[in-house]
Amino acid sequence: MQMVSIKNQGCVTQIIGPVLDIEFPNGQLPKVFNALKVKGPENIITCEVQQLLGDNRVRAVAMSSTEGLKRGIEVTDTGAPITVPVGIPTLGRIFNVLGEPVDNLGDIQSEDSLPIHRAAPSFTQLETKPSIFETGIKVVDLLAPYRKGGKIGLFGGAGVGKTVLIMELINNIAKAHGGVSVFGGVGERTREGNDLYEEMKESKVINADNLKESKVALVYGQMNEPPGARMRVGLTALTMAEYFRDINKQDVLLFIDNIFRFVQAGSEVSALLGRMPSAVGYQPTLATEMGTLQERITSTTDGSITSIQAVYVPADDLTDPAPATTFAHLDATTVLSRSLAAKGIYPAVDPLGSTSTMLQPSIVGSQHYSTAQQIKSTLQRYKELQDIIAILGLDELSEDDRLTVARARKIERFLSQPFFVAEVFTGSPGKYVSLEDSIKGFNMILGGELDDLPEQAFYLVGNIDEAISKAEKLK
């Protein structure tokens, strides 16, 4: 005889904004993190159990608006956490926190689904040997290389090229690593999310004609959504990425924009649940919540999840608990500079401000390390000389300093690169530059082999051979 599972039924006893208190029959309390379904006046609202209050009551946080709900409404325990679709059918689509498509392209035909709350991989599954994740972007690979399965913080204000850099990384991982990407918009502006989607379609990162050939799945929890949705949308994106790593055994890029909004939403939920706030009004569980998310982003023997997280720094205060807690998990930082963007040097990655724990001779090799250090010291010297040049002019510098400035300006321009996703706007074909070619090119500039070439020959080219042939044309 087939067993028929009877769902636990409860009823709402109190509503405080997005927080609901729900009473269940004796001995039938749902577990913490279980998804509950509440039948609202217009649609079914999903909540997640956050606390057990005693007296057969639980406190849950709603994932959508609680407008129209009243006491006494029936609640059903699903018996499991929020579960989302995963796999190839998710590519090219936009989802909300519950894994429901929000792009008006119909339902998802996915046979597989996973709960958003899962344990991090065990020690025995982890890939511990540090290896470089080649992006094909010169400035990143050479000066602040990414770790495979590492976490990278992307710092940059509005209009310096964060979105274009993100799209180029999505494009390059698909071409060079055969991997896919998942984009988690956490507390995003809806307009920005829509712009990103349209730009991805334009640059063919999302193939609108054949969605399965797309390279990215998008998960959005926008600014206007309740804090519960913004707090969990990062986990939804991560769960989709984990499937590609564990089942499809692929290298995955996970973008979280913005990790600060994840903390902010957690802080709102914490206050609504009545917890005593900690430093600067943040939740007392800040480090635990951040750790639970970050520990699942890692390399296993099957594949890797490399995460790039945009970090908003409130009031530019790096000691604020939110960015400070994030820094503890980062392997590299990519800082975008407005002054480089103003010069027209794209990607506008600050070569002196960006850092990486991977830039050690024991990991990247002595040649790569010494080239990177020489580039940094040349650019640093150029930076120190800029005030003198502004006041007295270039002619007042010593012969050595003039040579340093000339090489630094060539390096600065050679760090720029035409992007595949920007072909539509620039008209220049995109270039993927291998690390080997980057090192060779910069060593030639540093060694003085190319001192007679004009500096504009180095602007927006791929490898050094292109710069040399461009110089021939400029003559």
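Glycine is treated like the rest: Cβ placed from N, Cα and C.
Here is what Swiss-Prot says about this protein:
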- G156, G157, A158, G159, V160, G161, K162, T163: ATP binding site (BINDING)
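Mapped onto this structure are the features recorded in Swiss-Prot.
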residue	record	Cβ neighbours (10 Å)
G156	ATP binding site	22
G157	ATP binding site	11
A158	ATP binding site	7
G159	ATP binding site	11
V160	ATP binding site	23
G161	ATP binding site	21
K162	ATP binding site	20
T163	ATP binding site	18
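The residues near the ATP site, meaning same-chain residues not in G156, G157, A158, G159, V160, G161, K162, T163 whose C-beta sits within 8 angstroms of the mean position of the site's C-beta atoms, are L336, A341, A348, in sequence order.
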